[in-house]
């Protein structure tokens, strides 16, 4: 079955795709931190960072529809979370805008970086190895789980006779599919782990050495890092300035 992989556009020939993953991790991590630290009355800063995000998206040469589709898929969960946190965070609108800008930043970083290189960048930045292994296995096997879900869903639809089902019946069938999917995923995980142990797995994933900064692109990576820090610092200064 066809899946829209999260790093499907990571080989696009754009300025952002060519940047070193470690630099992008630092820059986008700083961006997300500054967005989340905006005060509840800091709508001005969120607008500034939203404009900056739009400019970066334009230069990334990524298609709009897939990114927008991913954001819309997660938006209901953001709204539910924002509704529960509205009293503590200063309002639903501020919470949702922060979450959307953080999600777009994550999607930009992941969509412009091959996932294996992103994992190696996390390792180079001394991220805990258990986190890297969990992300690696998640990326490798989540599409197998999606395949399993889609097959079960198609099998259920092929057995549906007599038109549309009632909402209660649909919810019951969907919960049954999720239950079977959990059992199958657990069994598959057990088989994969036993197979890995039989092949000498000791908790460390053997990978190729991480390539260092390319000399031809070192200046571009450095310029991207410095300019990004200067721009975000300038935006923070503008947010702190009193406007009449």
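Positions of Cβ are set from backbone N, Cα and C atoms, glycine also.
Automatic prediction, not curation, is the source of TrEMBL annotations.
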Matching 85-110, 111-136 to TrEMBL annotations, transmembrane segment lands on 85-110
Given the transmembrane segment (223-243), its same-chain partners at Cβ distance under 8 Å and 6+ residues beyond its ends are 15, 19, 23, 26-27, 30-31, 34, 38, 42, 44-45, 48-49, 52
